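Quick look at what TrEMBL lists:
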| type | residues | note |
| --- | --- | --- |
| ACT_SITE | ASP391 | active site |
| ACT_SITE | ASP774 | active site |
| BINDING | SER355, LYS361, GLU362, ASP391, LYS532 | UDP-alpha-D-glucose binding site |
| BINDING | LYS533, ASP557 | Mn(2+) binding site |
| DOMAIN | 31-108 | domain 'Cellulose synthase RING-type zinc finger' |
| REGION | 115-178 | region 'Disordered' |
| TRANSMEM | 267-285 | transmembrane segment |
| TRANSMEM | 297-316 | transmembrane segment |
| TRANSMEM | 851-872 | transmembrane segment |
| TRANSMEM | 884-907 | transmembrane segment |
| TRANSMEM | 919-938 | transmembrane segment |
| TRANSMEM | 972-995 | transmembrane segment |
| TRANSMEM | 1001-1023 | transmembrane segment |
| TRANSMEM | 1035-1053 | transmembrane segment |
Amino acid sequence: MVANRGMVAGSHNRNEFVMIRNDGDAPAPGKEVKGTVGQACQICGDTVGVSATGDVFVACNECAFPVCRPCYEYERKDGVKCCPQCKTRYKRLKGSPRVPGDEEEEDVDDLDNEFNYKQGNGKGPEWQGEDIDLSSSSRHEPHHRIPRLTSGQQMSGEIPDASPDRHSIRSPTSSYVDPSVPVPVRIVDPSKDLNSYGLNSVDWKERVESWRVKQDKNMMQVTNKYPDARGGGGDMEGTGSNGEDMQMVDDARLPLSRIVPIPANQLNLYRIVIILRLIILCFFFQYRVSHPVRDAYGLWLVSVICEIWFALSWLLDQFPKWYPINRETYLDRLALRYDREGEPSQLCPIDIFVSTVDPLKEPPLITANTVLSILAVDYPVDKVSCYVSDDGSAMLTFESLSETAEFARKWVPFCKKHNIEPRAPEFYFQQKIDYLKDKIQPSFVKERRAMKREYEEFKIRINALVAKAQKVPEEGWTMADGTAWPGNNPRDHPGMIQVFLGHSGGLDTDGNELPRLVYVSREKRPGFQHHKKAGAMNALIRVSAVLTNGAYLLNVDCDHYFNSSKALREAMCFMMDPALGRKTCYVQFPQRFDGIDLHDRYANRNIVFFDINMKGLDGIQGPMYVGTGCCFNRQALYGYDPVLTEADLEPNIVVKSCCGGRKKKSKSYMDNKNRMMKRTESSAPIFNMEDIEEGIEGYEDERSMLMSQKRLEKRFGQSPIFTASTFMTQGGIPPSTNPASLLKEAIHVISCGYEDKTEWGKEIGWIYGSVTEDILTGFKMHARGWISIYCMPPRPCFKGSAPINLSDRLNQVLRWALGSVEILFSRHCPIWYNYGGRLKLLERVAYINTIVYPLTSLPLIAYCVLPAICLLTNKFIIPEISNYAGMFFILMFASIFATGILELRWSGVGIEDWWRNEQFWVIGGTSAHLFAVFQGLLKVLAGIDTNFTVTSKANDEDGDFAELYVFKWTSLLIPPTTVLVINLVGMVAGISYAINSGYQSWGPLFGKLFFSIWVILHLYPFLKGLMGKQNRTPTIVIVWSILLASIFSLLWVKIDPFISDTQKAVAMGQCGVNC
């Protein structure tokens, strides 16, 4: 029909709509009005219609709340711009005008309709395909003026003949509307008062005005399907406008999480400052390169090289933070969809991994608290299994775990009865809060006191085991039955598995079942590569797949306890979301720490990384895996590709916003996308996972032809039971498996030779090749096209302990930096690995920054020594500058501070945390990172390996932060101490020179002193750490540092590169007449 023939209005209460024509045209007799078939708009009652592509029009991609195109346009232009149901901001769809706040989206950009509609009487955008065309003359009215039929005579289903002076209204004969049946039409004469039809009446206006508040009471009666864990489920009948069950079903259909964008006024200004800083940087380097210092050319050249490297390092760090986001989860919706009360839980099973190596550095009491917090987690007990990996095969760990299992029988019911947080007893009883708050049960105080006594007795038993383990018997440890402990030799012992709790284990004190608790120590033999933590985690993947086969895996370090009992449910809001779960490889939680000094002297909290960098990555392809507090999709760890849609292969939002979103897609891009789609089809698992529900007997015929048994063995190893479990995508073991054989098979899959000639550590599981296996593992998943999620609930889900001692902290940073250097020189280096794949550009930039940052230590230590050299030689790295040149320096420093301040603004990070991070960047760069570069080069070039040092996680038993002041000698302390001493000597020499030279020397001196003081301020926490509690620096450090500083100063004075040969001759009295 012609676009300007009239306005469409209706009512979902009366299940009618009105077509009011403003001209004399009418459809031909007998011709039905199109557009009446389909779902009704929940605002105006009109049919939703179809989009320009012929699909059903969907205004909100989050909840698919039925809204027609005109109502969608009004809400975006004059309304609240959000979906009435889920409150998610409407995105601009193709054919819609742009409104303030819209983002650049390449897949919907079109020049014809982006900024305005077509004007005049011509045909406007086809909002509903063939259903209806609306021009500017019949533009949709605001929804508070939409006519709804509230009165008037009910007509029969007959359609009267239409005439030029008669206009049609369709009305059903009953209160229920079948969307597949056309709505009957009755006639409206526009010359009459519309109030006679119930339009524009007071009652009509009041109902329309209150629609947003009462929309849940105005829904049409429909029959809905309640979805189960995988889209099935039983029927559920709606009960009309007042039905609570109907509202619950609607809530269950809503998304389980949503993205909360950073406010545009904060983010846009931040991006503008970044671009301005980049422009200023270009002008700054133009000036620096074109104005060398003639009498100190060497100093100038070194400083310019260092500054260029710092600029590149800043670019690598800055641009992955271009599109930061926050996320929000809805645990109530998760419960409505998968865990309704009174029904079997549909939540997926989860296997939780806890890794430990040395019980003397990782106290058993800390590990026990972590295990207890896992066993008491708020999740169905039959769907939680805890696996503890003891890679040191210590009998102390085994015995302490046995004690922990016994104490859990009392602790777990106490936690669940009183709903306490956190559920690690050591940290719960340490809380200095009002523990009676919100506790209404009169028995709570009595039970709490009794439980605290029980825990104190438990601690005594654990500490007794630790004291006993200090002295190892000459013949080795023996178990309670007199047999020798199999793990007496930690480098040569068989595999060990012990199930402490579970379906066949004991119950708690209330008679309820407890989650499964399994002790695992993989086999180790001389001559086999064990790959440290990565090898231990891969062994846990296999043994858990054989015994329980949870659909998802969550790994924590032994010192990271569950601070929130809802942690697993938080992860499942993403993993079990129908839209996100199919392409999400893991959900990473931020690391939070206990026991850190008030001022966080050595930046242990790492707030800047977790609250700024990781949020930025979440807006691209997802955060990096940081080694703990991470929930994995088991299929992603098996090396499978994700199931990607065409939209997932579009360029990311950052590239589109930087490069422009309204350009026509190039042929090369389309070719690349087609290649990607073909690759997805070819590289995806050729088994249909959902169809394989039987055991090994089911893998025959077509599947056997596609993937032979030999290929399966080459990929997963020679374990038929484990291979069969890899196809159980919803968890659980194959039905045909004999339970009696599971333990024997579990021992087989943790044998030391199982991984030989397989893809374990190469394409499957945790990836080998670096001591920071976490970075490699996450990188491989992202390179396959998976995305990851960053989950930051208001209450931190995990908390751990951090090394507050200076030497321990530097050793920890050394290990991280060494792992980055190993990746830099490996085949998995992000600089050249997997180009043309599915790794997004800015995600690759972030990974490149992660592996090249140790190299910054070389220019950093040179730049920190330059101030002292300038003071000792009375030279400077900058020539005498004019007012014009001084402007560039002022703008440069201003842009640096502005970027930092705006970053703190949108992230919520405090300025003290930011400053501590800057200080430790210099401390680590002049010590641990420098050593890591040389150790990495020795390992790559000469094959000299470095020993893996487990970070000490001992408690402060001698007082609060006693470990902070303990001095532990390490060679890592020498370089930064030397830098400190050289700068102090330089400051004394510079001031002395200025005093002797007179007033003219004080002006240039201030610039040099500022430069040197800047270095000392950054190293101030390091200086305090050296002095300890008694403010006394150890003698050995002083001797080494003064010796190195003196040698350096004497050599520089003797061999001054900035004095010409003639000047040297004059100074030495060897100049003749020709001087």
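All positions are counted from 1 along the displayed chain.
A Cβ is built for glycine as well, from the same backbone N, Cα and C atoms used for every other residue.
Taking the C-alpha positions, the distance from GLU362 (UDP-alpha-D-glucose binding site) to LYS533 (Mn(2+) binding site) comes to 14 Å. Ranking the recorded positions ASP391, ASP557, ASP774 by Cα distance from LYS532 (UDP-alpha-D-glucose binding site) puts ASP391 first. Tertiary neighbourhood of the transmembrane segment (267-285): same-chain residues 261, 304, 307-308, 311, 315, 318-319, 322, 324, 888-889, 891-892, 895-896, 898-899, 902-903, 905-906, selected by CB-CB distance under 8 Å and a gap of 6+ residues from either end. Reported as a whole number, the C-alpha separation between ASP391 (active site) and LYS361 (UDP-alpha-D-glucose binding site) equals 13 Å.
On a Cα basis, SER355 (UDP-alpha-D-glucose binding site) lies 8 Å away from LYS533 (Mn(2+) binding site). Across 297-316, 851-872, 919-938, 1001-1023, the stretch most heavily in contact with the transmembrane segment (972-995), judged by Cβ pairs under 8 Å, is 1001-1023. Most other Cβ atoms within 10 A: among the binding-site residues LYS361, LYS532, LYS533, that distinction falls to LYS533. Using the rule of three or more Cβ pairs under 8 Å, pairs at least 6 apart in sequence, the transmembrane segment (1001-1023) is in contact with the transmembrane segment (851-872). When Cβ-Cβ distances below 8 Å are used as the criterion, the transmembrane segment (851-872) is approached by residues 296, 299, 302-303, 305-307, 309-310, 313, 316, 775, 817-818, 820-821, 823-824, 829-831, 922, 925-926, 929-930, 932-933, 936, 975, 979, 982-983, 985-987, 989-990, 993, 1008-1009, 1011-1012, 1014-1015, 1049, 1052-1053 of the same chain, each at least six residues removed from its ends. On a Cα basis, ASP557 (Mn(2+) binding site) lies 12 Å away from ASP774 (active site). Sequence-distant neighbours of SER355 (UDP-alpha-D-glucose binding site) (same chain, 6+ apart, CB under 8 A from its CB) are SER389, ASP391, LYS533, ALA536, MET537, LEU540, ASN555, ASP557, CYS558.
For the domain 'Cellulose synthase RING-type zinc finger' (31-108), the DSSP-based tally of helix, strand and coil residues reads 12 helix, 6 strand, 60 coil.
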